[in-house]
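Here is the structure we will look at.
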């Protein structure tokens, strides 16, 4: 029996159009005795799952080309769940508090981060759902003071804020159409932001944090729409990062203007808690 073994080079995710992010596979023909044919077939499925994990699981990307100490490691965390997340209601800039599940999620991610390398600072959006999540992390990681930055807020969604998403097209059709637009300069009626404005303010905020904390590890707590913009800044030509789950851990390395994603979508701290994987927000519905 002959089998083809495929070796994959991990894709990079650097903010540079000159760097290739293609995977490379090399076919190698290897002879195996027929007696291990069944074992190979069984292993092939497991290998496929390993090489192609679901987007809701943790994914690792290539490490930064910066030397140790010359980059900031920024752990970006989405806030815990709110009642509006569970109900499918659009939040945007409205200040909705964590529900009980969200508080539990915040405690679990805080416990996880307290056992990892030292955190030097904790930053957060000034909206309560992010701020309380950040305060829970800060208290567990040495009693740090949370530094708030309004530029880390969720996208302002104008007239859509407060509506149940499935009813938005009927109740506010113009705002709903603007929200679904892929144009980066499309504002949302009622004072809502364009994707371009969201991208500019939140990436500028993370860049400032990265410049200030080279050689350190810091936490930033924010929102689904913001984190998707940060992903796009690090991976401008990559595929979508998928849904950003509540309290998912996403690690960025910032070396001056170069952004690299070290890991993405890690919710291993929630695996046994019955967290709401289908929870609203964190994808194209923002929230």
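Backbone N, Cα and C define each Cβ position, glycine as well.
Residues annotated as substrate binding site in TrEMBL: 78, 79, 80, 81, 82, 83, 84, 85, 129. Taken from TrEMBL, the feature active site, tele-phosphohistidine intermediate covers 79. TrEMBL lists 154 with the feature active site, proton donor/acceptor.
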Would you kindly give the Cα-Cα distance separating the residue listed as 'active site, proton donor/acceptor' and residue 82 (substrate binding site), rounded to the nearest Å?
14
Quick one: Cα separation, residue 129 (substrate binding site) versus the residue listed as 'active site, proton donor/acceptor', in Å?
11
Farthest-apart CA atoms of 78, 79, 80, 81, 82, 83, 84, 85, 129, residues recorded for substrate, distance in Å:
15
How big is the Cα-to-Cα gap, in Å, between residue 79 (active site, tele-phosphohistidine intermediate) and the residue listed as 'active site, proton donor/acceptor'?
11
Distance check, please: Cα of residue 84 (substrate binding site) against Cα of residue 154 (active site, proton donor/acceptor), rounded to an integer number of angstrom.
14
